[in-house]
Amino acid sequence: MTRRAWWLAPPLLLVAGFFLYPLYFVVRESLTGDAWSRVASSGRFLDALGTTVMVSLAATAGCVVLGTFLALVLAFTPFPGAGLVTRLVDTLLAFPSFLIALAFTFLYGSAGIVNAAAGREVMGGFLYSPWCVIAAEITFYTPFVMRPLLASFKHFPREQLDVAASLGARPWRVFRRVVLPEAWPALGAGASLTLLLTLNEFGIVLFIGAKDVETLPMLVHSFGVVTFDLPAACVVAVIEVALSLSLYAVYRRAFGGGR
């Protein structure tokens, strides 16, 4: 073996031990009996798949819109405290997702701050609706879009903005024709990562406990922990892994030049 191969062997063995080896057992367990046919023909699985895609797409779209707007403000409209806001964004990246769900419970629950301040229940069933899950995921994952954009805008030549403005271009045209082409790779990376993470989000959905919001991770939990149907849980887990790998392949194809 070459010297480079000796250096590569330990990390490759770690990856195999911590990821590929457990994944092998998940795939093997999913092939037990008629697990695949039971899950594929289950209306519950199809509903969970549709809910997962809907929530993930809506949350990602919200993160892209809000994250792009906030990144533009922080990068091109400096104000007192902008540096502090940027550091807070970095801090949010380290938070566990269930803290956001807990905060939403304190804010919008039946005994939450909003209803207590109004003296009556004004939020209705918002806390237990799909919209609350989407809003919580947007709150938590928006920094994952903002951070790559802020890094991209940091190296953006401001002279291009000045030239475009001097030629009479409106702000929207400047963003679409000057800023967006430069920020597109960063925006694509942030949006792709957010979509992958929201597809597999478990903590927010579990802690909010929204009715009729059963996603694929929740279905894995239900099959594996509640009904002890381990083969069915492994089938859904394999499908989740396949979805994630497919999305990553699409991202690499779109933004990595097919490398």
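Cβ atoms here come from the backbone N, Cα and C positions, even for glycine.
Per TrEMBL, the features are:
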| type | residues | note |
| --- | --- | --- |
| DOMAIN | 49-251 | domain 'ABC transmembrane type-1' |
| TRANSMEM | 7-27 | transmembrane segment |
| TRANSMEM | 53-76 | transmembrane segment |
| TRANSMEM | 88-108 | transmembrane segment |
| TRANSMEM | 128-150 | transmembrane segment |
| TRANSMEM | 183-210 | transmembrane segment |
| TRANSMEM | 230-251 | transmembrane segment |
Can the transmembrane segment (128-150) be said to touch the transmembrane segment (53-76) if we require at least 3 CB pairs below 8 Å and skip pairs under 6 apart in sequence?
yes
Please give the sequence-distant neighbours of the transmembrane segment (88-108): residues at least 6 beyond its ends with Cβ less than 8 Å from one of its Cβ atoms.
114-115, 123, 126-127, 132, 135-136, 139-140, 143-144, 146-147, 150, 201, 203-204, 206-208
For the transmembrane segment (7-27), distant same-chain residues with Cβ under 8 A (at least six beyond the ends):
1, 234, 237-238, 241
